[in-house]
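According to TrEMBL:
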SIGNAL    1-22  signal peptide
DOMAIN    172-245  domain 'Cadherin'
DOMAIN    246-363  domain 'Cadherin'
DOMAIN    364-477  domain 'Cadherin'
DOMAIN    478-585  domain 'Cadherin'
DOMAIN    584-695  domain 'Cadherin'
Amino acid sequence: MQHKTQLTLSFLLSQVLLLACAEDLECTPGFQQKVFYIEQRFKFTEDQPILNLVFDDCKGNNKLNFEVSNPDFKVEHDGSLVALKNVSEAGRALFVHARSEHAEDMAEILIVGANEKHGALKEIFKIEGNLGIPRQKRAILATPILIPENQRPPFPRLVGKVINSEGTEGAKFRLSGKGVDQDPKGIFRINEISGDVSVTRPLDREAIANYELEVEVTDLSGKIIDGPVSLDISVIDQNDNRPMFKEGPYIGHVMEGSPTGTTVMRMTAFDADDASTDNALLRYNILKQTPTKPSPNMFYIDPEKGDIVTVVSPVLLDRETMETPKYELVIEAKDMGGHDVGLTGTATATILIDDKNDHPPEFTKKEFQATVKEGVTGVIVNLTVGDRDDPATGAWRAVYTIINGNPGQSFEIHTNPQTNEGMLSVVKPLDYEISAFHTLLIKVENEDPLIPDIAYGPSSTATVQITVEDVNEGPVFHPNPMTVTKQENIPIGSIVLTVNATDPDTLQHQTIRYSVYKDPASWLEINPTNGTVATTAILDRESPYVQDNKYTALFLAIDSGNPPATGTGTLHITLEDVNDNVPSLYPTLAKVCDDAKDLRVVVLGASDKDLHPNTDPFKFELSKQSGPEKLWRITKLNNTHAQVVLLQNLKKANYNIPISVTDSGKPPLTNNTELKLQVCSCKKSRMDCSASDALHISMTLILLSLFSLFCL
């Protein structure tokens, strides 16, 4: 039935061709039918004829030879196409190349499925679209031309013929389009008289697969008589491109213990040949596996898809027992469906066996020893473990925990990231007198959880025995720092306090002596035996050694050990203020013009080193003024300031104004001082204070005093 359907299709196509071209066709060298449609329902049976091809070189077909694009088929001398074996998949098309002593041509056999039969018949009767024969009657007959790529010389080579059925005298053919008068130019040409179409050099389908040309018929003057008519030239693929792997590097991962058939990765190659032909039909194969243990066939590649899968049992896919967790596969891609005639390309696939946490960490011994001096912190011992998992993963990295023996949190343990060891440290100083021995229980786990069927065992815990060594510790002051409050200016020899220091080494029964370590102002001394601190100088709250009313000194307590150990104690003395500083006046110099209209000379301020209430409010007064008239007065502005005002303009001279300022202490302290007043001549914004009469007020006061004496 299949053979009858194929012959029926071929017969219909041949009849269409004969009806369209019968009027004016002469013998045209080549296949008398160039395109065939055949139906494949199940498979092509070995040696059973599929269809007949008719080739005629118009000169007897001497030395006629046929070549089929698919090596599973051949054409007999009588033109019968047969399969060389049972073929279930032949692709979408076959190409038959025929060559005789005088001509060569190419026929295309399109393979359709049963459900495509109706559509295929429609395509057959689309004569204009498929065969280039116009529906309306034309004088030009230009059938499609099929040319194999990579043809060998000689060139030019005849590939087809255009026919002018009217045969107008003097008419000429003219060919145009890409490949003729457009880039790439000069590939095709036409004999303007006979209509023979020639190719001038080998074609490359991967560069250009189709050429769409136009044919016209012109008279001797170049005027178009008929056309243009399309001339389609298709380049038939040859297997001239090797498969190529373009997406490398190819690296896949598979977890150890994975089930047989686990997909690792996919390899995909590219073939530049026609994807609809066997020239680009690829099949994959593993050429080599390195290493070959534990099995030379650890993996399998799907020949069609390129998927690499595991084929060994999960037991053999054990990373810890492998020679190396990295396998390299040389993958071959072969076109022509993998047949021997196919071209090949290779690539290397690297497969890494990833680790899973199937081995718990184990201590190298059950008990570790450590010795540490009391009072010392830092790492005291490194705990070693073994783990057969991958060191680059959380399945190997260890996490340590102290699960017993650390109630005071004196110990910590951390993982060394390079060695995976547990670094046990003392973080709070140990005291020999409290406990000379410590026992810790430590467990180790991995960062990643173990797989469900694996558990941590006894080897994942260990004991650490720690011995504390006694050292001579320095005495300790109680309290430290020490604080006391004293009034400044207390008598020399006054007792400040008695310090108290004890020796932590209670089992050694040592004695303690005291000494001054730092006494910035040299105000203190300490009894070396009983620790009594007394003054050796007056305590001055206003001293630069006192900060924020507080004086600080350091003392040493030294035991009788060999060598002796020392402890340091800090003493803070808060000094209470007494009124022992007179107030000071500022400024002490003022200037005024002799013709000034504003006789407010200066605002005076007062300050006191003491603290409140031994400071302001201050009392400002002028000493008694002698003479017939008063020259100035002082007026209080606030608790700390007063203003001096002239009562009249004075002559240019220097004057000393006696002023007293008194604080509010009990008893109050008074400071008698003088304000120097310079009366200057002021002209054109310039002040001249040269003191030609510098002692004017002083001399006046002397004369007035003498006059008073004489009057008595």
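Cβ coordinates come from backbone N, Cα and C, glycine included.
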Structural state census, the domain 'Cadherin' (172-245) (DSSP three-state):
0 helix, 38 strand, 36 coil
The domain 'Cadherin' (478-585), counted residue by residue under DSSP: helix, strand, coil:
0 helix, 50 strand, 58 coil
Give, as a single whole number between 0 and 100, the mean pLDDT over the domain 'Cadherin' (172-245).
92
